[in-house]
Amino acid sequence: MARGNQTSTFEFLLWGLSEQPQQQHILFLIFLGMYLVTVAGNLLIVLAISTDVRLHTPMYFFLASLSCDDILLVSTIVPKALVNIHTQSRTISYAGCLVQLYFFLTFGDMDIFLLATMAYDRFVAICHPLHYRMIMSFQRCSLLVTVCWTLTNLVAMTHTFLIFRLSFCSQKVIPDFFCDLGPLMKIACSETQINELVLLFLGGAVILIPLLLILVSYIRIVSAIIRVPSAQGRRKAFSTCGSHISVVALFFGTVIRAYLCPSSSSSNSVVEDTAAVVMYTVVTPLLNPFIYSLRNKDMKGALVRILKGKVSFSWAQGLLQRK
């Protein structure tokens, strides 16, 4: 099919989460509940950080950015899946699919870069505590987040453009519940060798380089903590990293399973791949607020004050104090 016709009339069919009609109502309720809890939980994290001056530190600045990104990530995927389940329609337009792909790649990659940035923040805080405020100034933190957003947009634009140049012969079924690179390349009728090479090298770099930076940071952190003389000091240092380590393990474990572990074309493998994608696109953003709040006394205190109505917007005050 010509690309010009694709942009106006072509539609994809999303394989969805299940082909069993009797499961659609249950899936709708489950995903609606997870979506609402994810958005509410991450909004509470952002509100707690913005209204409590004690949380106006680089670590919580990056955490607020991660929560905002998680809201955007699930909002790119879940609402369309809910509409498809509710209406029993699996169609998505060609243009809508490319838009969804672009924003999914942007927000998904942003999660990876933010986790690496948070690991660097912990490395500076533990290994260079005397220079922490100077190194992780508000300007530098803002610059790091801006660089992350710029890189993720460039990566997303590259992949989306390469998908745009492909041709699709007729209405095709995407073996997923949203538009992603791998499933789209599988159903293309034109040559996808360039797409596969870019996905291998650029996509692999987006996952593996931040993961390597996280591992190096924590190797340095552990070696520094071991040298701390008191057991209480070691426990306190480890406690500041526990939540981040849990999120990193959950996120990268599911990402590696979904993208770096090849699967066969059998129906069972498709189901397993879909489950892995659901884990990192829906479940991980859902669990992040619980992981960071339950393991952090300051965050728990801020959330309790919000729920009791004791809220004072002091973000500007916090920035002035830091300066």
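Every residue, even glycine, has its Cβ placed from backbone N, Cα and C.
Just so you know, TrEMBL annotations are computer predictions that nobody has curated.
According to TrEMBL, the feature domain 'G-protein coupled receptors family 1 profile' maps to 41-292.
The transmembrane segment annotation in TrEMBL covers 26-48 (among others).
The transmembrane segment annotation in TrEMBL covers 60-79 (among others).
The transmembrane segment feature in TrEMBL is assigned to 99-120 (among others).
The transmembrane segment feature in TrEMBL is assigned to 141-164 (among others).
Residues or ranges marked as transmembrane segment in TrEMBL: 197-216 (among others).
Look at TrEMBL and you will find 237-260 (among others) tagged as transmembrane segment.
Among the features that TrEMBL reports, transmembrane segment is placed at 275-294 (among others). Non-local neighbours of the transmembrane segment (275-294) in the same chain are 17, 31, 34-35, 37-38, 41-42, 44-45, 63, 66-67, 70-71, 73-74, 77-78, 104, 108, 176-178, 180, 243, 246-247, 250-251, 254-255, 257-258, 300, 303; each lies 6+ residues outside the stretch with a CB under 8 Å from one of its CB atoms.
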Test of understanding: applying the rule of at least three C-beta pairs under 8 Å (pairs 6 or more apart in sequence), is the transmembrane segment (237-260) touching the transmembrane segment (60-79)?
no
Would you report the average pLDDT that the model assigns to the domain 'G-protein coupled receptors family 1 profile' (41-292)?
88
Segment proximity, the transmembrane segment (99-120) to the transmembrane segment (197-216), 3 or more C-beta pairs under 8 Å:
yes
Grab the same-chain neighbours of the transmembrane segment (99-120) for me: Cβ-Cβ under 8 Å, and only residues 6 or more beyond its ends, written as numbers and ranges.
59, 62-63, 65-66, 69-70, 72-73, 76-77, 80, 92, 144-145, 148-149, 151-153, 155-157, 159-160, 163, 178-181, 184, 206-207, 210-211, 213-214, 217-218, 244, 247-248, 251-252, 255, 281
Can you name the far-off residues of the same chain, 6+ from the ends of the transmembrane segment (141-164), with a Cβ under 8 Å from a Cβ of it?
3, 58, 61-62, 65, 98, 101-103, 105-107, 109-110, 113-114, 117, 120, 181, 184-185, 194-195, 198-199, 202-203, 206
